[in-house]
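> For reference, TrEMBL lists these features for the protein:
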type: ACT_SITE; residues: H85; note: active site
type: ACT_SITE; residues: N158; note: active site
type: BINDING; residues: R82, R122, F171, R368, Y372, R379; note: heme binding site
type: DOMAIN; residues: 38-426; note: domain 'Catalase core'
type: REGION; residues: 1-26; note: region 'Disordered'
type: REGION; residues: 418-438; note: region 'Disordered'
Amino acid sequence: MAGKSNHRQPAAHAAAGTDSKSEDLEQFRLRPDGEALRTNQGVKIADNQNSLRAGVRGPSLLEDFIMREKITHFDHERIPERIVHARGSAAHGVFKVYKPQSDYTKAAFLQDPAVETPVYVRFSTVQGPRGSADTVRDVRGFAVKFYTQEGNYDLVGNNMPVFFIQDAIKFPDFVHAVKPEAPNEMPTGGSAHDTFWDFVSLVPESAHMVLWTMSDRAIPRSLRTMEGFGIHTFRFVNAAGKARFVKFHWRPVLGSYSLLWDEAQKLAGKDPDFHRRDLWEAIERGDFPEFELGVQIVEEQDEHSFPFDLLDPTKLIPEETVPVQIIGKMTLNRNPDNFFAETEQVAFHPGHVVPGIDFSNDPLLQGRLFSYTDTQISRLGGPNFHEIPINRPVCPFQNNQRDAMHRQAIHVGQASYEPNSLSGGWPKETDPAASDGGFESYHERIDGEKIRVRSESFADHFSQAALFYRSMSEVEKAHIAAAYQFELGKVTKPEIRERVVNQILANFDAGLAAEVAAGLGLPAPKKGNAPAAAKPETSPALSLLNRAKPGIKTRKIALLAAPGSDVAAIGKLQQALRGEGATPLLVAPTLAAIGSLQPDATIAGMPSIMFDAIVVVGGETGAKALAQSGDARHFVLEAFKHLKAIAALGAGRDVLDAAHLPADADGVATGDDKQLAEVMKAFVAAAQQHRVWSRQALAESVPA
Ligand code: HDE
């Protein structure tokens with residue numbers, strides 16, 4: 001696979017069945033080593049510093065084909081960004097099924113546990129432009145392209161299991177409302193503005209999803225620890241033609257965690273690439289993100305056995321009703337070579353399915369099936385985007401489609417139609433009944449009037465919002481109320497705020513409505529029609545606090561030190577934390593060496609918001625310097641207020657004292673240098689919860 005390959009091979013050949021996307025991409029990789037600088041026509045360039053001019057001080061000449069080629073190309077370097085999901089980060093990986101799924105589906109990539117299917121995964125925010133910050137409050141896209149031997153399969157989902165609207169025809173309205181406002185292109189990357197809340201206050205079907213976006217799910221700690229959902233109900237079809245409904249889930253092996261709102265906002269300024277960097281660095285370190293694929297299966301005859309419609313994308317199937325079966329694992333193990341070529345040009349489409357996977361009549365999904373090809377034509381400049389390296393299937397893909405913008409393949413032969421006799425009838429259809437058969441749509445009986453009507457079974461907009469809210473822990477409920485207050489506090493029109501409180505919130509939870517109203521200075525809401533609790537009354541699986549996993553693997557831990565800190569202790573701490581799979585980084589006021597050690601970062605460069613937990617190192621001189629440094633005191637204070645696990649060794653406790661932090665608070669482990677092992681044990685136990693929620697009241701009382 002490796003090796004220098006500066007010259008492109010003819011494109012059509014790659015179709016010949018390589019099973020690795022990386023191998024397939026190799027023919028396109030251009031490596032500069034040892035190469036002469038040339039024009040796009042291959043002419044060697046002698047002077048790349050000066051344009052051609054008439055005399056040393058004279059005007060430039062039109063004849064300068066070298067400069068004109070270079071600048072013309074530069075002038076066209078950008079392509080339109082995605083209309084939604086413009087900001088994204090992606091990685092390569094592999095997927096493996098745990099055991100054959102032949103009972104449910106004939107999809108070949110879901111049969112053999114020995115087969116590794118290459119994948120490319122792009123995570124994204126929805127609202128902001130390409131250069132916007134990662135940590136804004138928003139839904140995250142979770143799009144997976146499986147390069148299977150039967151063609152590309154795209155599972156284009158989000159990190160929340162429901163959506164804002166029920167019918168595709170409302171999507172442009174919804175997106176216009178959430179995007180920055182038309183007159184002034186504000187705000188960037190957020191929904192805290194009038195048009196968004198105006199729209200959702202008038203569209204009650206959005207209530208459930210808006211509640212998800214006001215929850216901690218909308219401010220994930222990292223892309224590596226987000227759950228993913230296919231949202232719509234799809235179908236699995238097995239070799240006998242039997243179909244079942246299926247909902248898809250992705251479960252991060254490390255568990256799921258979120259940021260605090262204060263952290264998310266600060267990170268948006270101090271490191272707008274926080275999520276992108278985290279994903280990239282984890283893969284570079286060899287901490288490969290892993291996600292298990294889960295399915296909820298519903299028999300066709302049970303379609304109408306739920307208190308909601310399976311075709312309604314604003315509803316989820318509670319896991320307590322239909323358990324999630326884990327069927328395989330995806331491991332992201334390689335960063336892209338080139339952001340533009342791969343992440344920007346990758347083209348997902350929910351209509352990219354393989355035999356064994358089919359659609360349902362969800363009216364949102366049905367609209368998406370049209371939309372995605374259409375958008376790629378405009379974004380990628382024509383209908384041949386499937387030939388762009390990152391989009392090419394790894395199996396053959398011949399047909400009689402011809403020509404159009406940017407065609408790469410050179411089709412050989414006279415016939416580009418079917419049936420034909422001139423090319424022996426090739427390429428030919430494949431019988432769906434054959435073992436490696438052609439795609440055959442599920443035979444679903446449809447009898448109906450042509451009609452523009454929303455089914456009555458889509459009419460309940462509040463029961464699942466109520467279920468979600470009831471299923472939250474007290475901490476999460478408080479965050480939700482604060483998020484509504486924050487967002488609605490930025491809405492300038494009082495009638496919009498009132499409508500959200502009285503016509504949306506009051507209809508699913510009177511307590512939340514009252515709390516939000518109080519924060520906005522509104523009168524107590526009129527009595528709504530909050531639905532009675534149906535079964536299940538709560539769904540514990542919905543609470544993020546139930547999604548944490550033991551251990552501190554891959555967590556970023558700051559070792560706060562200064563010249564004069566205890567170097568031997570730092571070594572022991574690094575060893576202990578690495579032993580737990582964590583990533584310790586030495587942070588100091590400056591980059592001046594600490595004994596034999598070089599700090600990894602300064603406090604200014606990596607404030608505590610970039611870490612999961614912190615340790616203040618002992619050693620009299622170092623601790624004294626830290627205690628006297630306002631930045632160091634702020635570092636520990638912020639970690640304390642953000643409910644992070646803190647350890648302070650020996651004189652390191654003085655830094656906590658200097659910041660007026662109670663050393664006996666929950667999740668603060670202290671001890672002298674000889675107690676390092678015990679302190680670390682307590683620290684790891686606190687850190688693995690990710691936040692020390694029991695410290696919250698105390699943390700709020702500590703002045704910032
Ligand atoms: Fe998308 N969506 N969407 N969407 N969507 C796009 O396609 C669209 C919807 C999702 O990383 C666009 O290539 C319509 C639901 C993701 O490249 C566009 C409707 C879900 C991504 C488009 C929806 C999604 C997109 C913009 C309503 C969750 C990013 C650029 C009928 C299941 C994929 C592009 C990537 C991207 C249209 C609703 C997820 C314009 C019309 C529901 C993850 O085609």
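Here the Cβ of each residue, glycine as well, is placed from N, Cα and C on the backbone.
What you see is a predicted model, and the numbers here were worked out from it, not measured in a lab.
What's the neighbourhood like for these features in this structure?
Residue environment of H85 (active site) contains 22 other Cβ atoms, counted within 10 Å of its Cβ in all protein chains.
Proximity of N158 (active site) to non-local residues of its own chain (separation of 6 or more, Cβ distance below 8 Å) is seen for V139, R140, G141, F142, G228, F229, I231, given in sequence order.
In the three-state DSSP reading, F171 (heme binding site) counts as helix.
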> Any idea which of the binding-site residues R82, R122, R368, R379 has the thinnest Cβ neighbourhood at 10 Å?
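Counting other Cβ atoms within 10 Å of each of the binding-site residues R82, R122, R368, R379 gives the minimum at R379.
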> Taking all residues of the domain 'Catalase core' (38-426) together, what is their mean pLDDT?
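That stretch averages a pLDDT of 98.
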> Which secondary structure state does DSSP assign to R82 (heme binding site), in the simple three-class scheme?
coil
> Rounded to a whole number, how many Å is the Cα of H85 (active site) away from the Cα of R122 (heme binding site)?
10
> Suppose we draw a 10 Å sphere around the Cβ of Y372 (heme binding site). How many other Cβ atoms does it contain, all chains included?
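Y372 (heme binding site) is surrounded by 17 other Cβ atoms within 10 Å.
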> Among R82, R122, F171, R368, Y372, R379, which the record lists as binding heme, how far apart in Å are the two most distant Cα atoms?
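The span, Cα to Cα at its widest, is 21 Å.
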> Can you count the other CB atoms that lie within 10 A of the CB of F171 (heme binding site)?
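Its Cβ has 18 other Cβ atoms within 10 Å.
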